[in-house]
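Pulled from Swiss-Prot, these are the listed features:
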type	residues	note
DOMAIN	74-405	domain 'Asparaginase/glutaminase'
ACT_SITE	T84	active site
ACT_SITE	T160	active site
ACT_SITE	D161	active site
ACT_SITE	K237	active site
Amino acid sequence: MDIGDFVKLELENTTYSGTVMPSLNEDTVVIKMKSGYNVGIDKKKIKNIEILESGDKPKYGLPPLNLEKNPKLKNISILSTGGTVASRVDYKTGAVHPAFTADDLIRAVPELMDVANIKGKVILNILSENMLPKYWVMTADAIKEEIENGAEGIVIAHGTDTMHYTASALSFMVNSEVPIILVGAQRSSDRPSSDAALNIIAAVKAATEPIKGVYVLMHGETGDTVCHLHEGTKVRKLHSSRRDAFKSVNETPIAEVNPFTKKVTYLREVKSQDRSKIKEVVLNTNLEEKVALIKVYPGIDSEILKFYVDNGYKGIILEGTGLGHTPETFFEGIDYANENNVLVAMTTQTINGRVNMNVYSNGRELQAKGVIPCEDMLSEVAFVKLMHLLGNYEFKEAKELMSKNIAGEINESINLEC
């Protein structure tokens, strides 16, 4: 028995005939009788079901908008990987569904029609905590396809939990002349405080700018006045629930974007695009997944490092204390990693500031054991960078490149106002 079938349902003392309708409860059969009334029947009370006539399952949906492209606007592709910003709510069931056809987007955020010609595509539908390195590769491949097919800017709708990891991965993997903007939402579209619509408007606007590179766009403060555009390798989620959870670290944001006036105010120098190469995309998606990120803490045991080495890991990022330190009791594990050609690099768990392993004897001894200081790199960025380097270079060259700036991840000096 399927939706659309005309059926006869026999109960203990009566029968009902009608067309099977969608039901919000899997234990209830709903039919529309010839009288026009709907009736719901508990499946347990049905003694027999007779299909009198098979029907076609009805197709639900709004008619297409049939919008024509505006030749004065740029063509922007919005790729959905899932998350709060990439969904709409079914108020009958409470279910959340992906909403990323172009028509879905325009119906949800009609202001987009004045910003760009929109194309929507779902490439993943996952919660961002379930993001995997192979999905970064899928996303990079989708970006390349869209650009080669005429997209002049890319917006990636992403869950916020791991969005900074993906931004970092794409920064190392994708070399193109178009802006690639990752956008999320902290509050779902059914909540009055939702940031989804304004973030998408601002992200699409940013994607029309004559810049290149990978960026994250989110609310710039708790109100609705401005959104901030952050460099993909210098941004981190710093609050679990606030709408302005994402902040640039050791750097100022690239720009402020007003989602109402569509004004973009640049706050520092930006990478300008070369329009003559707008369809050229170079991908390098090789990743070594056997890389770990370990937070250093008082009493940490060398056996932890030995575990990773013995299980075939090729690289370790240590999130050290202060300027980049570990307890001396951890040195044995570092020696073991070095003896087995496992690349070990150091970031700081203070988040702000930079590693300086020349100040104290602990840091100097760690360097003598082969630990690479990661300057002012964020731990998550260093983790992704090491995956990228070990996936593309031999050990010696990867070690040399770890402390060199490749995709904006290292600042020579830090603005004290950041």
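Numbers run from 1 along the shown chain.
Quick reminder: no glycine exception, Cβ is built from N, Cα and C everywhere.
Remember, it's a predicted structure, so these values are computed and weren't measured experimentally.
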Just the number: how many Å between the Cα atoms of T84 (active site) and T160 (active site)?
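Distance (Cα to Cα, whole Å): 8 Å.
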May I ask for the distance between T160 (active site) and K237 (active site), taken between their Cα atoms and rounded to an integer number of Å?
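So the alpha carbons of T160 (active site) and K237 (active site) sit roughly 8 Å from each other.
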Give the helix, strand or coil assignment DSSP yields for K237 (active site).
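Strand, per DSSP.
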Can you give me the same-chain residues 6 or more apart in sequence from D161 (active site) with a CB-CB distance under 8 Å?
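Result: L127, S128, E129, K237.
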Would you mind pulling the DSSP three-state label for T160 (active site)?
coil
As a test of reading the model: what is the averaged pLDDT for the domain 'Asparaginase/glutaminase' (74-405)?
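Taking every residue of the domain 'Asparaginase/glutaminase' (74-405) together, the mean pLDDT is 94.
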